[in-house]
Amino acid sequence: MAGVPTTYDAPVHIAVIGGTGIQSLPGFSLAATLNIDTPWGAPSSPISILHHPSPTTGKPTPIAFLSRHGLHHELAPHEVKNQANIAALRHIGVRTIIAFSAVGSLQEEIKPRDFVIPDQIIDRTKGIRPFTYFEGGMVGHVGFGDPFDVALAAIVRQCGRALEGEGVRLHDTGTLICMEGPQFSTRAESQLYRAWGGSVINMSALPEAKLAREAEMAYQMICMATDYDCWRGEVGEDVNVEMVMGHMKANAENAKRFVGAVLDELSKEEHGDQVLARHLAGQMKFAGGMTHKEGRGKEVEGKLKWLYPGYFD
Ligand SMILES: CSC[C@H]1O[C@H](OP(=O)(O)O)[C@H](O)[C@@H]1O
Ligand SMILES: Nc1ncnc2[nH]cnc12
């Protein structure tokens with residue numbers, strides 16, 4: 001956009017990743033648009049830096065916004081530039097990510113347009129997406145027992161509960177099945193996921209959440225149900241794109257209100273340490289430092305030095 005700065009000279013600690021139907025976050029003032037090149041290539045979209053007034057100080061809190069599937073939804077789930085997205089966000093200072101996703105419901109009580117704050121993920125991607133920064137001569141292992149950040153989730157839930165009754169219905173927890181796409185599931189798969197205890201299904205949580213964990217970021221996904229996938233088996237009811245987009249569009253205002261409420265809360269000074277994910281800071285220095293210097297792959301070493309300045313010198 002003409003006249004919008006292409007640099008931003010302060011660190012940005014909070015990011016929103018928009019998914020299907022959320023390619024921008026209107027209502028915030030645009031302070032800059034950044035085109036960041038990373039050792040893993042360019043992110044899915046330029047990063048918009050938006051100004052959000054802090055409810056306690058009134059000072060603008062910068063928020064980074066990135067569109068997962070590109071500005072025009074041109075990237076299929078397996079083509080999303082996850083490594084570049086998370087690396088670019090970390091590079092500009094981001095340590096907290098609120099990710100948004102349109103999901104299929106695997107449970108009767110999770111109705112289209114309901115919001116779900118998942119606390120678990122079952123990985124049904126097929127290994128075709130780059131899923132780690134630690135490969136090619138530097139080995140790292142990071143805990144993923146709780147794939148979402150527990151303290152950040154508590155803040156998000158509290159914001160969602162405060163909106164309940166005003167058109168927002170919230171499910172506090174849930175197991176998210178992340179499948180390979182772009183085709184939707186078969187009916188047998190959908191029923192299998194229900195038997196596993198799955199609550200909702202999408203194609204985007206992984207490897208996004210894994211890479212965010214490797215990048216020492218607090219990450220929580222807010223899901224909005226758009227369909228009942230295909231497990232109910234009723235004629236004309238199986239998920240299709242029109243259905244997903246229809247519900248996303250109809251409930252976009254609530255989705256944006258929810259994200260806005262979370263940003264308001266995170267902008268409060270009392271959440272400063274959480275927003276900086278201080279509980280995760282430095283973990284990769286050890287978890288990612290298993291490979292002795294002399295055995296490191298030079299290319300990956302260079303990339304990781306860019307991602308984690310000072311960790312692997
Ligand atoms: C258009 S339906 C399938 C598509 O919708 C979800 O996208 P996102 O998670 O980015 O909101 C799902 O994960 C699939 O990518
Ligand atoms: N039924 C479904 N399966 C996978 N991803 C989805 N996103 C929205 N609905 C979905």
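Even glycines carry a Cβ here, placed using N, Cα and C.
Remember, TrEMBL labels are computer predictions, not curated facts.
If you look up TrEMBL, you'll see 14-263 marked as domain 'Nucleoside phosphorylase'.
In this structure, SER204 (phosphate binding site) belongs to neither helix nor strand by DSSP; it is coil. Around the Cβ of SER204 (phosphate binding site), 27 further Cβ atoms fall within 10 Å across all displayed protein chains. Annotation source TrEMBL lists phosphate binding site at THR20, ARG68, HIS69, SER101, ALA102, SER204.
Sequence annotations record features per position, and here TrEMBL assigns site 'Important for substrate specificity' to SER185 (among others). In three-state terms derived from DSSP, SER185 (site 'Important for substrate specificity') belongs to neither a helical nor a strand segment and is classed as coil. In sequence order, GLY104, MET179, TYR193, ILE201, ASP229, CYS230 make up the list of same-chain residues 6 or more apart from SER185 (site 'Important for substrate specificity') whose Cβ falls under 8 Å from its Cβ.
The substrate binding site annotation in TrEMBL covers MET203, ASP227, TYR228, ASP229. DSSP gives ASP227 (substrate binding site) a strand state.
Here TrEMBL flags VAL241 (among others) as site 'Important for substrate specificity'. Annotation note: VAL241 (site 'Important for substrate specificity') sits in a helical segment as assigned by DSSP. Within 10 Å of the C-beta of VAL241 (site 'Important for substrate specificity') we count 12 further C-beta atoms, all protein chains included.
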For TYR228 (substrate binding site), nearby residues of its own chain (Cβ under 8 Å, 6 or more apart in sequence) = GLY104, SER105, PRO112, GLU237, VAL239
For ligand 1, pick out the recorded positions SER185, ASP227, TYR228, ASP229 that have a CB under 6 angstroms away from one of its atoms.
-> none
Restricting the recorded positions HIS69, MET203, TYR228, ASP229, VAL241 to those with Cβ under 6 angstroms from ligand 2 leaves MET203, ASP229
The rounded CA-CA distance in Å from ASP227 (substrate binding site) to ALA102 (phosphate binding site) is 9
Cα distance (Å, whole number) from ALA102 (phosphate binding site) to VAL241 (site 'Important for substrate specificity') | 11
